[in-house]
């Protein structure tokens, strides 16, 4: 390291940042904590290489994690070069950089690998016309490769193969086995040499020396729990020693101490002692014993605590015995030998899949992203495994290699970088920046140990190795955010769990000195679920309402400090983000926020396959493909499409309990003479549908099948009408588009498409709606913690902390680990017995530790997004659980290791640490520090713990009292809030050269057009989507949500339109009895719900039947109801058509009738209007005519345009009567 310039006194950089910018002459690792300005440092280093060292920009290789990061980095560098050129216009070097920036290699590693392949394809005998494989082809070719390999083995089955299939498959099929092989494939190709890694898996089972790797780890894990058990036993003893007449209890403790000490004598595990261990029975702690102690002034709590500690001790030893040491050392080693042939066979299957898949891709001349890396590595490596001549050319070309987000690098990427970097660590040209505490992509095979190995190897002075620089000053957050985050992770994270020691170097230090001294404590909300009978809300719904209350409070009472003006401003919606581990709660929040009139956005591209509308369509496709899948069949039947009730489904099943499949039960029920005839009719309709779709799928592509399903059942229209309709519609179109993409591949058929979708689900690959909001849109955002990485928000609400970690992989029969290999239980095919093997026990425990470590790092990412304040929310069932968390055992300065290794959810760790800090009554053995004075300032938290009973919260259904507003409503309602209107207009109007066209919607309903013209607002863009009117039952809230609630005006309006849509026109006029019978018929046919009857304005309908208009319609030649229309607005407005884009008007006419060659239309209105005292009917008529004048004009002109004939019309108000509009428009 040399030539670091002296930092000027007025430099904006910290000493560590300055050093990071100018250090050279050796490999440099910058450990950049959250908010420490790493991107600015990286850009400045690149700029100084160009300006100060006069290195051409295309002589630098800058590797970023995403394409977006690469574009932003290149843009920043380009701007700085331009700025430098303006300041020094005669500098020819800078002028050249303006040209070379476009060829600069600032990209993802995938993009760099692709360039290597494009330039050197001949080295690996690759056709230069290769293309990147599509998702569809990639998924299905891999599936096809697996099929062919398994088919070969099924044809000539080996005993080991049969054992594997039996062990790793379900009772019904081998889908689980296939899924496992796909995971195995993906794990393998994340290694630089997949075949070598696969061979190493077998060696662990065959080589006695390799067994020691597992045995050592088993012993280490066992020690953790035995030592924790012994410590817990000592606590029990200490509590008994404080009591009198507890000698018998102490005798048991003494005996247990002797046994426990024998288990780990000389710090070596005695397997026999543990396997043969049986616990002693502790004498009962009687009321008499408690009373005796109380009489002597000794709290009986000592006895209770002692008993609890002793129970915990027994539980810990039982866990060691049952989890790690069920069988002897020798038995475990024998099992490993027996498993070796099975592992050898499994490895060969995976090798065959790799080869088969590679051959299929090569024959089609396609590459996937893993091929980019492996082919590039192949080009850069000679036959001896050293750098090839091509790699050496790249070494000469690049003066420095800069890697961003180094903690997310995998083994293959590390191998590629090592081939093109110069020198070793002490004199190399590799600059790496990242933060292992933010390594959260293990599911993509990111390997944080690569970062940690260098972190430990490199030194702060760079002596004899690489240079390590810690950027620990945070310029983002208030002191309270940083100190509390430090305090949490100081007591939670270390190398054992978290994979880094959270020491003085890892901590966050306050750097945003412009913040005022206003106190903003971290708020931890423990929401105790109300399970009372009068509250049916689920835990997630309760939490969603609570979150909405917190948002309201922030908006009404909190401020944001503006660094530039050094003043406060009121908090706005865009200052708030809601972070959760996943997005399953998004729909709940969306509904609740709508009730609260809170603008809200969630990027539902994540969690796509979990969305209700997508699951419905997939259930439909799976049922059509194979109705013998009960979950999907029943799911489709219960859906809004077919609306079978749980009682109906139960009745079907009860009739034939012994059927293997629900489909068989349906067939049997339909033949049952005693079956409910209405249910049989409903089933016949359903089965006819399924048969029809099955037949249709045989001769039509999948996308046409989906389109038919959408159109037959108004699927798009229904989901468009729900909360988040735009996103739901985008999700449905996304699935349709995937089917179109599938059809363009070489694969065909519904079965293959479902396999493709299943693979996307397995890979957690989403393709839902795009993020359609900008950074300045004033909405509350919801996103996953993963999505929030790199972002910052004034207020962070980190919720769903009580959601359990996803430990599903730990329950699988085979577990993979890059370092420790493959863990599989031993399965005896003849005896049909499974029991844990040495490998499965060890790898399961290691994988659980790695999983919790990554979850801990996700917590760190979430907490470090906040600038002003953190609000943490968790929900628990009982308040007693909080007391247990407060008393979690500690070891040294941290939560006891065994508790962290077995943690189930973030809330347990966070609450325990903060509650211990705040408690004034906690015993010393549960506390981390005796006094706050003992704490370093960077660790001194500011915390406000709030425990709330849900029943105490206000959960009024604001939906019944509040109405959402749009910009068009503001002026109609008489609002003079011009600032608000302008703000909304500014957000909705995207400025670009063709602004006039963008402010004119491509398609509008007549109602929308009416509001637009009434308010003279133009600039709201409506998405172009087909819309159809459907029955009220699909739009109504579920029955359980409507109980004891009045329908809203718009719901009653829809209900009345449905009644009128089917109303018979009889020349003799309907009687009240006939009308009542007609309404009952609508209920029986499920057109309206039974509870809707009370909201039908019965007398108003009768008044219509008694009217002249009713009789006029009965005498008409033709009657058309609910007629949709779409028409060019220019033609309706009688404007000359031009080449410019036109606007389309769409709408629905309630009724049209033809009489004496003259067309008339009728529009029903259920409006309630205030008739002021003294108003005449004529004045009311004038008011109503004016209100609907524009809408009726467009109805009339539209129909005249379509029919090419004069059209007259009527408005019919249920509260006023008919009104001719033939002369008024």
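Every residue, even glycine, has its Cβ placed from backbone N, Cα and C.
When the ranges 999-1018, 1019-1038, 1039-1058, 1059-1078 are checked against Swiss-Prot, the one recorded as region 'Disordered' is 999-1018. Residue 32 (ATP binding site) has a Cβ environment of 27 other Cβ atoms inside 10 Å. Taking the centre of the Cβ atoms of 32, 33, 34, 35, 36, 37, 38, 39 as the ATP site, the nearby residues of that chain (Cβ within 8 Å, site residues left out) are 41, 435, 471, 474, 475. DSSP classifies residue 32 (ATP binding site) as strand under the three-state reduction. Sequence-distant neighbours of residue 35 (ATP binding site) (same chain, 6+ residues apart, CB-CB distance under 8 A): 474, 475, 476, 477, 508, 511, 792, 864. The Cβ of residue 34 (ATP binding site) lies under 8 Å from the Cβ of 435, 437, 438, 474, 476, 508, 860, 861, 864, each of these being in the same chain and 6 or more residues away along the sequence. Between the candidate binding-site residues, 36, 39, the densest Cβ environment within 10 Å is the one around 36.
Sequence-distant neighbours of residue 33 (ATP binding site) (same chain, 6+ apart, CB under 8 A from its CB) are 435, 437, 470, 471, 472, 473, 474, 506, 507, 508, 864. The secondary structure of residue 38 (ATP binding site), as reduced to three states from DSSP, is helical. The Cβ of residue 37 (ATP binding site) lies under 8 Å from the Cβ of 17, 471, 475, each on the same chain and at least six residues away in sequence. Counted within 10 Å of its Cβ, the other Cβ atoms near residue 38 (ATP binding site) come to 22, all protein chains included.
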